[in-house]
Amino acid sequence: AKTCIRYSHMRCYLGLGSLTPTWASLPHDAVACVSGSCQMFTLGLVGSWLLRPIIDKEINPFVDKWEEEGQFPAHQVFKTLGQAGFLGVNKQTEYGGLGLDFSYSIAVAEELGNIRCGGVPMAIGVQADMATPALARFGSDELKREFLVPTIAGDVVACLGVSEPGAGSDVASIKTTAVRKGDDYVINGGKMWITSGCQADWMCLLANSSNGPPHQNKSLICLPMKLPGVHVAKKIDKMGMRSSDTAQIFFEDVRVPSKYLIGEEGMGFTYQMLQFQEERMWGVANILTPMENVINETIDYTRQRKIFNQPVLHNQTVHFLLAELATDVELLRSLLYQAVALYIKGNDVTKFASMAKLKAGRLVRELTDSCLQFWGGMGFTNDVLVSRVYRDSRLMSIGAGADEVMLSIICKYMETLPSKK
């Protein structure tokens, strides 16, 4: 086996001859590379040999169709990914996961960026790394066997129920309640912007389980979506992420067994903040590859597109700006890898994760806007990647905490945020 590393993307390649690669056949040093103080992680070998063929054969040929339909077949796609081992990379082996650390999930997120839309990888991220971290970490064995095992296998579709019509980034203000009655919780309220909500089999639900302080009165509960009283009100029509169904959901006296509580009652806010850290880092990793692809496709287009008898690319304004954007992408990658390296060592990375998400949201807006301009009229069509990334990536500065929330978090850690009176 021979591993070679290219620092710009930290991709690894291993000569395996005619051997059909599987997770079990991959030596550890060929799967994850760590480089000096930058702590750059990769799963390039697995991405190239195992994940990329799934993307190229099972996903990308159908993306345009799914975009038009406003939904992709989540059960079908997730089953394929589950069989290949990509839905539980950092989850415990006894529940069907691979038992690897979070850096491997980040590398998978980067490779998923080769999907030619944002909606499908976002839904995969919810399934693998947004709806399940608290369950895997704090859930009982019985709960994990009932919900985590089939989620990792791709047998069921999971969703995350946090946001509400009146509470998005301000998680403490949610109104959905879970009132204990006998051996059940009775759920009332509603959730908004729920990724995969129209297809989901279960929800990781955040609800108020007591009347205490807002940071201590919430609990996370595994809620089966087929229970009486669960109403999927509508599929939301969005400007981007169109292949991912997003739902508004209401709960009317939904009875959930109290054994479906994740961890301790009243710890839901804390658990969700921990889930947000992984969600934010996953989101940053997933946007890196689309930005690279947009830059590369813009270079190819402007090299052959001529204006005033010379390629558009030959204008200094164009190739200089593309160079700056490529540099910014690599700087963002380094910040992400630093945060991940600290995270897997048990450090609090709230500040760095918030910085990375803030920068990612702003950079992808600048990058896609600049590149779309170089495409001219073609950039204003639905026929090219840059216009789709332009629409899809706008969510990066809104979802999982808006830019303004990230700034507040960063200021809090810098001790520059004014105290509340």
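The backbone N, Cα and C atoms fix where each Cβ goes, and this holds for glycine too.
Keep in mind that what you see is a predicted model, and the values were worked out from it rather than measured.
The domain 'Acyl-CoA dehydrogenase/oxidase N-terminal' annotation in TrEMBL covers 52-155. According to TrEMBL, the feature domain 'Acyl-CoA oxidase/dehydrogenase middle' maps to 159-254. According to TrEMBL, the domain 'Acyl-CoA dehydrogenase/oxidase C-terminal' annotation covers 266-412.
This prediction places the mean pLDDT of the domain 'Acyl-CoA dehydrogenase/oxidase C-terminal' (266-412) at 97. Under DSSP, residues within the domain 'Acyl-CoA dehydrogenase/oxidase C-terminal' (266-412) fall into helix, strand and coil as 122 helix, 5 strand, 20 coil.
Across the domain 'Acyl-CoA oxidase/dehydrogenase middle' (159-254), DSSP assigns 3 helix, 51 strand, 42 coil.
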